[in-house]
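> From TrEMBL, for reference:
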- 98-251: domain 'Cytochrome c' (DOMAIN)
- C111, C114, H115, M235: heme c binding site (BINDING)
- 139-166: region 'Disordered' (REGION)
- 140-153: compositional bias 'Acidic residues' (COMPBIAS)
- 279-297: transmembrane segment (TRANSMEM)
- 316-335: region 'Disordered' (REGION)
- 316-325: compositional bias 'Pro residues' (COMPBIAS)
Amino acid sequence: MLARSSLRIARSFGAAGKVTCRTAKRSASSSSTPKISSSAWTTTAAGSAATAVAIGSAAWYYHLYGRSVHAMTPAEEGLHATQYPWEHEKWTKTFDHQALRRGFQVYREVCASCHSLKRIPYRTLVGSVLTVDEAKTLAEENEYDTEPNDEGEIEQRPGKLSDYIPSPYKNDEAARAANNGALPPDLSLMVKARHGGCNYIFSLLTGYPEEPPAGAVVQSGLNFNPYFPGTGIAMARVLYDGLVEYEDGTPATTSQMAKDVVQFLNWSAEPEMDERKKMGWQVLAVTGVLFAISIWVKRYKWSTIKSRKIVYNPPIAPKSKPPVRGPTGGSGVSR
Ligand code: HEC
């Protein structure tokens, strides 16, 4: 009884629902034409307004923060460094470790009197630039503080492989005082720190003209170098032909020394480069094989689906019915 009455209620609800539904449809259809056109207009307007607001905000944001501000005009920025075909920068090439040895020699004999190489411990030189024995001997040439002993005193001990290459000056102030107020920057990450990287440093080292060009204003204590932003650099020309004597007999021309020291500085900024490139090729090889296998598996799995033929079998007409057409009196539907 209860079930029947609830069924009835449900039915009447359903009917009511249908009725409302129908009326709703009818009212919509009766006034459809003007409503649709007005809603289309509002949609277009809303879309256009949203686009305008989006473009406007992007433009305003760019106006506030997007423009890069230059302290100097492009002329004052300095000459753009020449692009050189650095062998070690190619995808398949490693550092030339003989060049790294020569470059380290140039750093030690020329640059190290002014520039520190704070981030390089002797142990990282082992295997890529020096042998273990060479690195140990070099480390022992300098003295480092010991840990405080039982009396709290700090003593001096010869350097170990775990020590870092010492800085030429005690602190930045001492460095400035010795260099006319200019601070020779740390060279560990210099290749990464300057726009142009290797090209810039090479151009800088080899780009000192004999005489500043006519009309160039060079402040006292500065040297003219067209590649340095502002063209007046506190570092004088440091590389001259034959300044160092390479152990492998390579002629030590200015450009040879610059090339070697730049490659060495690239190593100090990216000591992991050789490993990184090797790893990159391994990753490409493995993912290449996996990609090929995944294509094969996909084709294998899909082969049954792709080669499947879907055929429509029309229903067979009942036997009792007279044939619809056809002289043989068959079902009349060819299969
Ligand atoms: C006599 C000291 C001295 C020696 C030797 C020296 N430099 Fe410098 N170097 C400086 C000073 C000082 C500056 C800062 C220049 C400035 O800010 O105007 C500098 C700046 C630099 C810069 C940065 C330029 C920039 O864009 O800011 C690089 C790179 C550089 N030196 C590389 C070298 C290399 C490589 C060697 C060795 C071949 C070397 N320097 C030898 C004193 C020296």
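Note: Cβ is positioned from N, Cα and C throughout, glycine not excepted.
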> Sorted by position, what residues of the same chain at least six away from H115 (heme c binding site) have a C-beta under 8 A from it?
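Counting only residues 6 or more apart in sequence, the Cβ neighbours of H115 (heme c binding site) under 8 Å are Y107, P168, P184, P185, D186, L187.
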> Non-local Cβ contacts of M235 (heme c binding site) (under 8 Å, 6 or more apart, same chain)?
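Non-local contacts for M235 (heme c binding site): C114, A182, P184, N223.
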> Could you name the residues, excluding C111, C114, H115, M235, of the same chain that surround the heme c site, i.e. Cβ within 8 Å of the Cβ centre of those residues, in sequence order?
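Neighbours found: V110, A112, S113, P184, L187, V238.
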> Counting other Cβ atoms within 10 Å of each residue's Cβ, which of the binding-site residues C111, C114 comes out lowest?
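Relative to the other binding-site residues in C111, C114, C114 has the fewest Cβ atoms within 10 Å.
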> As a quick check of your reading of DSSP, tell me how many residues in the region 'Disordered' (139-166) are helical, how many are strand and how many are coil.
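Final tally across the stretch: 2 helix, 7 strand, 19 coil.
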> What's the longest C-alpha separation between any two of C111, C114, H115, M235, the listed heme c-binding residues, in angstrom?
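The widest Cα-Cα gap among those binding residues is 11 Å.
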> Which whole-number mean pLDDT does the model give the domain 'Cytochrome c' (98-251)?
95
